[in-house]
């Protein structure tokens with residue numbers, strides 16, 4: 001009976017006190033690095049008028065999403081390790097599921113839009129200002145945030161409306177839908193997995209769009225006669241492609257992992273797709289981008 005559940009038990013990274021404290025300090029360092037890197041990008045883009053272009057506008061939104069996504073999962077895990085506890089309240093678990101889905105869904109939508117931005121900039125440069133004006137960019141960013149919100153609302157409502165009768169132990173360091181569905185005793189597979197199938201189809205559609213966009217981009221870039229022109233085009237495309245590849249590869253690996261995977265390996269996989277990308281994205285974007293480095 002889900003009404004009797006007032007809290008959930010999360011999976012701990014370590015059992016001994018020394019390893020718990022090591023986990024706390026490690027996650028604290030990663031979290032502070034992610035906060036610093038993404039905050040610097042946001043401030044630099046907001047304050048430098050040379051960066052007030054569609055590409056950097058979308059990058060600012062991406063950094064905001066990265067800040068939010070890592071702030072939903074990591075602080076709670078750090079708190080549990082510091083105070084040697086595993087609990088999270090029922091409402092806290094609902095909020096965590098909603099915001100994780102909201103922010104990661106919006107980020108994937110935004111990465112799809114960013115691939116379209118690079119496609120227009122390189123393949124249709126004369127139409128760039130027309131297709132990606134200020135109003136169009138705001139509408140696209142709002143659509144990405146809205147898609148994430150709708151995705152999170154539907155999945156969260158569906159998951160927590162199912163009866164939970166298999167205990168309250170979530171075998172993950174944050175509340176994640178596949179692990180919560182294992183606690184359900186509902187026999188309706190359509191209700192449990194129907195939305196997930198629809199979500200996978202949408203994700204696959206976006207993935208195809210991204211792949212087609214970058215295939216067209218590289219076809220045009222390789223035809224540029226000057227080495228300097230090719231280098232400039234690649235310098236704006238490769239960081240985005242690296243971020244997209246990191247996000248999709250870690251998310252796909254987490255989604256396709258075997259259901260009977262060991263808890264320790266499951267923790268590593270979930271770390272790779274939920275904590276690693278938000279912390280690494282600022283480094284990827286600033287590594288080959290002189291304009292952004294100068295602004296910072």
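Any Cβ shown, glycine's included, is placed from N, Cα and C.
As given in TrEMBL:
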type	residues	note
TRANSMEM	24-45	transmembrane segment
DOMAIN	37-285	domain 'G-protein coupled receptors family 1 profile'
TRANSMEM	57-75	transmembrane segment
TRANSMEM	87-111	transmembrane segment
TRANSMEM	132-154	transmembrane segment
TRANSMEM	193-215	transmembrane segment
TRANSMEM	236-256	transmembrane segment
TRANSMEM	268-287	transmembrane segment
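Using the rule of three or more Cβ pairs under 8 Å, pairs at least 6 apart in sequence, the transmembrane segment (87-111) is not in contact with the transmembrane segment (24-45). Mean pLDDT for the domain 'G-protein coupled receptors family 1 profile' (37-285) in this predicted model: 84. Across 57-75, 132-154, 193-215, 236-256, stretch 236-256 shows the highest tally of CB pairs under 8 A with the transmembrane segment (268-287).
Within the chain carrying the transmembrane segment (236-256), a Cβ under 8 angstroms from the stretch's Cβ atoms is held by residues 55, 62, 104, 107-108, 111, 114-115, 118, 121-122, 200, 207, 210, 214, 217-218, 221, 269-270, 272-273, 276-277, 280-281, 284-285, 287-289, all 6 or more beyond its ends.
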